[in-house]
Amino acid sequence: MLFPLQVAAVTSSVRDDPLEHCVSPRTRARSPEICKMADNLDEFIEEQKARLAEDKAELESDPPYMEMKGKLSAKLSENSKILISMAKENIPPNSQQTRGSLGIDYGLSLPLGEDYERKKHKLKEELRQDYRRYLTQGITQGKRKKNFLSTSETDPSTLGVSLPIGERLSAKERLKLERNKEYNQFLRGKEESSEKFRQVEKSTEPKSQRNKKPIGQVKPDLTSQIQTSCENSEGPRKDVLTPSEAYEELLNQRRLEEDRYRQLDDEIELRNRRIIKKANEEVGISNLKHQRFASKAGIPDRRFHRFNEDRVFDRRYHRPDQDPEVSEEMDERFRYESDFDRRLSRVYTNDRMHRNKRGNMPPMEHDGDVIEQSNIRISSAENKSAPDNETSKSANQDTCSPFAGMLFGGEDRELIQRRKEKYRLELLEQMAEQQRNKRREKDLELRVAASGAQDPEKSPDRLKQFSVAPRHFEEMIPPERPRIAFQTPLPPLSAPSVPPIPSVHPVPSQNEDLRSGLSSALGEMVSPRIAPLPPPPLLPPLATNYRTPYDDAYYFYGSRNTFDPSLAYYGSGMMGVQPAAYVSAPVTHQLAQPVVNTVGQNELKITSDQVINSGLIFEDKPKPSKQSLQSYQEALQQQIREREERRKKEREEKEEYEAKLEAEMRTYNPWGKGGGGAPLRDAKGNLITDLNRMHRQNIDAYHNPDARTYEDKRAVVSLDPNLATSNAENLEDAANKSSGHMQTQSSPFARGNVFGEPPTELQIKQQELYKNFLRFQIEEKKQREEAERERLRIAEEKEERRLAEQRARIQQEYEEEQEKKREKEEEQRLKNEEHIRLAEERQKEAERKKKEEEEKYNLQLQHYCERDNLIGEETKHMRQPSPIVPALQNKIASKLQRPPSVDSIIRSFIHESSMSRAQSPPVPARKNQLRAEEEKKNVIMELSEMRKQLRSEERRLQERLLHMDSDDEIPIRKKERNPMDIFDMARHRLQAPVRRQSPKGLDAATFQNVHDFNELKDRDSETRVDLKFMYLDPPRDHHTLEIQQQALLREQQKRLNRIKMQEGAKVDLDAIPSAKVREQRMPRDDTSDFLKNSLLESDSAFIGAYGETYPAIEDDVLPPPSQLPSARERRRNKWKGLDIDSSRPNVAPDGLSLKSISSVNVDELRVRNEERMRRLNEFHNKPINTDDESSLVDPDDIMKHIGDDGSNSVATEPWLRPGTSETLKRFMAEQLNQEQQQIPGKPGTFTWQGLSTAHG
């Protein structure tokens, strides 16, 4: 039940005075939370006090205790104070203890013996341990797991259960662990150094005790300390204490009581070990302590290994007077007070370099005053400076006084309130500073927080990029503890028995002020960067009760750069420089060093030398004694030896650590650990086993038990390719690895081989079986791949054959189609050739018949000419002609001229052709010349056909002239002529106008004409029947109407011609030749009608076969009125049947060539020619009666023809239209030129242009 009392007392202490509870900035932050718990625990504290009062009553009533009745009440009250103050301060049990601090020896002053006290303390310790285990039972495992992960160790409780899974701690956890580790190391050093000094002091008899008491009255150490403390407290007291001084004394008393109480737990054990340590003090206490640490049953070996590693990482915090292994002696129960919050244990140790000088010093007299040195420590719970000697004396006097707690009043409460407020402000500043540091670390993305330079995840040079490498010349001196100004120190005493000479200014607290200087505050913590610097100018003298607000943690971290990446920056060799404590001290005193782990032969000499060398007490002698110099030299040599040993050990540990890192690097698996769902891989990252395939094989084995043999082999085969490694390699790897790191194998046999044993025969056999099975699998896989490749090859060949056959079939079909196409083309070509041949034969037959007819016609013409000559001669003799009318003189002269014969025409044509050929430009193509030469042969035949057509036209015109009045207007459509030749337009890049038929509908007049023509065509008549046979469809527009009207007129004219030919024998023989001559020379409006009705709707210039060019066609081609026959002549011709000049009707245009296929119908031409020949024969055989003109005309047809106005019918059938072939045009142009040459004075006579090219 003691431990809950401690917790409650701590809470109460924090509430009363939080400055006394501060250990570090982190514990300051926790203090508000603890203050909140204080109100709830007040009742619990009162109950504990009542229980203690009951115990007191029982002890008083007990007979063995009645012997000490006079002292029991005081002691028991002081014991209660000790318990409460210990719980408040929570001072570690091995903290510093002074010889004359408290005059109470709890438990040892009873007459029950040492066995009773030993059992009592043992029971108390067991109760504490049980209660602590109860509190930390559920959380210790998780915290230990984090500790294992942070130190890269393996939890032994998880061995054989599962593979360790590497977890990463957060930055906050790593920071906390690193801080705890650093401060624990610091506290352990302080504890061990203080323990060493206490052991030396216990072995030394105080000088004041010898002076006041005889030797026979000396009692055991603890009893003598109590009596000495009480005797020292009875010394005279010159000063009157103020409330502040009383408060300071009370605090000192509490601290001393707590140190005393903490020591009681280990007092029996220390008493047993004291004699052994005395004998082994000179040799070294580290070996014995190491053995004691190793012999502890509560701490496992694995934890001991971790302590070694921590020492390696925290080497920079070692002190020159600190043994490397002393820190391991600290018991594990002092590390943490409670594992549920991992709070830093209040283990307050002191590792200052002059700690051995601050033990229980013998009292020195100054003017009758007893000067006693008390053990003043730097407490992280009160942030106090070293108290002065007067305060210590008053505290020692109050130790035996029950009224010590009643010396301060309202003024002390105000001071406590001010300190609390100051403490609260400091906490707020620290919290703000911590937030700023976190924000800066986050902004700069630093990987170093407050975890120090030993973070295993960060490289030593990680801060170079931020230019934060340590710069010694820029660093500032850490804060110093305040001190009172002092005079120049005097040289120390040569002998401790000589009384000191009083100083010039006898200040009672001079020695304490000297101890509170720079050497006292920073001697063991300040790094060597401030060693050669003198202290700053001294401040004015301070009051004796002045308290600094800083604690040990402030001075500890203030003198160190936690972000320094260099390990050597805080090496053990650099931390042992003693700073200059005084400005005016001699050089010999500034080099004073503490005595570490050395025990002289004379205890009194050692103690006095420690006091002298510490520089805390000065004497009047100017030179030290030989003994002090000798001890100083021995201390220096001892320090040099220890430093060399320490460096050697550090080198060994560094080599061991590097070897361990190399071993870890060799065993590092970049692919991660297998198992737990992760695939098993070899060193190269390849999968060792395929779990999916194994699962399928298991299913197949369940359904097919016959194949179970292969599955059994797979199940027992080792999967670890590293089992065949040699035994030496396994041993070497196991030696290089840390004991906390477990080497996990990716094999099912790894659990039996975790310590590097060589593989057994069974494992080797299984490995061979596995290798054979792997080879079997490889062969089987190769066979499957080969079979697959063969199957693919066969499939590809089959596909290629199919494609080849398909290509051949397509090619054959294509060739067949091409052959069929060629056959069709050949057949079509043969058919065309046959048609052409037949057409040529028919053409030749027609030409032969034409030649025969032409011959017959020539004979007839010759016969007619002869008859005309005979008739002319007869008429000359019979009567004289009437006088010629002047208007008809030119016409008559033209009538008297003989028409040219066929031979003359041919000769003139050849002549003109030769002349035009000589003058023709080299424009025409060769083909036109060849074609013209071939066409020359057919010119005569064409002329004969033209004569027949002229004869029929002549008769038609004669009939019309008889029935027309002289004042009838001849409507002639004129066409605008393009004044520019077509080639000139092409040369000037002009577009020739094209006349197209208007798309408009029929007007009323045209529609009426069509209707009347249809009625006329339906009448029964021979000519109309032929017209219906030729034109089956009725006319639809003006153009077709003109064509059919012209055809009807032509048929009627044929009928009239036949009638006239029947009565041709009766006509005068001169009428026919004169009429034919006039017909041949009759001027015609050839150009106007040709261009007006031609299908070629543009004015074009044409080039002849021999290169001649046609002249421009004139629009004014109508004969003058003088050339028109008069009414008298028309009446005369009517009665005499003479042909007179008159305007000829319009001729339908013809845009087709003479020998075009569309205009030549061989069968129709043959029938018509036969009909003409028949009529011609009848005309020759039957005599013509020229006097009876009525026999030549059909009265009905004449009357019907008169009623029809054919002036608008200017079109004709294509084969009856005027010739438009180039040959006829050229021939007519030649004829025109020839006629103009013969009769220059008569232009425009005898033109062949515009004649019909019909073959009928």
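The backbone N, Cα and C atoms fix where each Cβ goes, and this holds for glycine too.
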Candidate set Ser24, Ser882, Ser920, residue annotated phosphoserine in Swiss-Prot: Ser920
Which candidate, of Ser244, Ser494, Ser1153, Swiss-Prot gives the annotation phosphoserine: Ser244
Candidate set Ser77, Ser608, Ser901, Ser914, annotation phosphoserine, source Swiss-Prot, matching residue: Ser901
Annotated residue, phosphoserine, per Swiss-Prot; candidates Ser503, Ser726, Ser904, Ser966: Ser966
Coiled coil according to Swiss-Prot, located in which of 114-135, 290-311, 312-333, 356-377: 114-135
Mean predicted confidence [pLDDT] for the coiled coil (38-62): 77
DSSP helix/strand/coil residue counts for the region 'Disordered' (813-853): 41 helix, 0 strand, 0 coil
